[in-house]
Amino acid sequence: MGNSPIGTGGDVAQLSKFYRAGTWIEGRAEDQLTEVAGWPGMSRIAAFPDLHPGRFGPVGAAFLADRLWPQLVGPDIGCGMALFALDLPGRKLNLDRAARRLRMLEGPDDGADAALAAADIPDLTAMGLGTIGGGNHFCEVQEVAEVAPGAPLATGDLCLLVHSGSRSQGAGIFAALQGEWGAGFAPDSDAGRAYLARHDAAVRWARLNRARIADRAAQALRCQATLICDTSHNHLRETDNGWLHCKGAAEADRGLAPLAGSRDAASYLLAVTGRDPDALGALSHGAGRRYDRAAMHGRMREGRADLAAMTRNALGGRVICEDRALQVEESGRAYKNAAAVVADLAAFDLAHPLATLVPRITFKTARTGGEA
DNA sequence: ATGTAC
């Protein structure tokens, strides 16, 4: 199911859509799918319910090709979601005190150099390691609400969801290409090999970055963070059938995957089935944007009182986002309904919810650091 | 996405 080959010509990728008729998908995102399906050497595409328009192609899809397309990965190479269990019960969380302490994430990571040296990642520096960055990135303390049998978390537990990537490292790798990817890179070309090596390093750096952020957040909260799962959603890798590019599409080969909601809506821990080969081993990574950044400024009041109210989320939790534009652009209203995304994934038997994770403190950015 | 441009 879900297959809808487009066009009548021969050289068009097979497109599989994993969303149902009632799911909100922007027309421009589907136009982009059609466009990328016609790129040379593109064989199969899987599109997921968090699909939305992006700069070089749609976000929320996986693309199988005979060559490398760096623009389908984008500048934030290795960006992903990592979920950690905290050994701190939800009933012990003092929201205001914890929010104050988490402000230390704004500062530099004193352990970055040592962490990078231990990881032995070639040709990248520790600059920015352990920091969240901007845009849609965040570090969120969540409380487990509902759980399904087999969940590695229990109701009332706290966890940490970190969404971040390779910061200026991946952006530098992408920028160095200067847009000169032509009709993609042949994997065995000098340019292709050089990009792949740098890409792989950035993917490792980004995973390390999420672990550093979680360690720093746990330190701020006087507890320990234990990794549950970490899935990259901007990367490419070689498969038996070609080069798989994931853009806003999570790795679905790890049994588990986090799916981000928004600051106003629950995230999910998913059990991944891996049953449908047309999904190309990928999966939704979040709710997906409903409105682009510019549109959000036309949709929200931005007065002092309005912005002050945004320090609380819709569920009584806290939001630390002391950047005026980002506060509006990353409002919960900018995102689609994560529960509907999860329902679509379940309907196609791609993944099923194991735990519902309610946002308690969303940390984006602070103007000043936190208390010691 | 970006130690955020001219």
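In case you wondered, yes, glycine gets a Cβ from its N, Cα and C as well.
What TrEMBL says about a protein is an automatic prediction, not a curated fact.
Small disclaimer: the values here were computed from a predicted structure and weren't measured.
Listed in sequence order, A:CYS79, A:HIS163, A:SER164, A:GLY165, A:LYS364 are the same-chain residues at least 6 apart in sequence whose CB falls under 8 Å from the CB of A:HIS137 (Mn(2+) 1 binding site). Taken from TrEMBL, the feature GMP binding site covers A:ASN136, A:HIS137, A:PHE138, A:CYS139, A:GLU140, A:HIS233, A:ASN234, A:SER267, A:HIS285, A:GLY286, A:ALA287, A:GLY288.
Look at TrEMBL and you will find A:HIS137 tagged as Mn(2+) 1 binding site.
Taken from TrEMBL, the feature Mn(2+) 2 binding site covers A:HIS163, A:HIS233.
Around A:HIS285 (GMP binding site), the same-chain residues six or more apart in sequence whose CB sits under 8 Å from its CB are A:ASP50, A:GLY60, A:GLY80, A:MET81, A:THR231, A:HIS233, A:GLY248, A:ALA249, A:ALA250, A:ALA257, A:LEU259, A:ALA260, listed in sequence order. Annotated active site, GMP-histidine intermediate per TrEMBL: A:HIS285, in sequence order.
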Self-check item: Least surrounded among the binding-site residues, given as A:ASN136, A:ASN234, when other CB atoms within 10 Å are counted
Solution: A:ASN136
Quiz item: Of all the binding-site residues given, A:HIS163, A:HIS233, which residue's CB has the most CB neighbours within 10 A?
Solution: A:HIS233
Exercise. Run through the Cβ atoms and count how many others sit within 10 Å of the one on A:GLU140 (GMP binding site).
Key: 28
Quiz item: Across the record's GMP-binding residues A:ASN136, A:HIS137, A:PHE138, A:CYS139, A:GLU140, A:HIS233, A:ASN234, A:SER267, A:HIS285, A:GLY286, A:ALA287, A:GLY288, the largest CA-CA distance in angstrom?
Solution: 20
Quiz item: Taking the Cβ of A:ALA287 (GMP binding site) as the centre, how many other Cβ atoms fall within a 10 Å radius?
Solution: 28
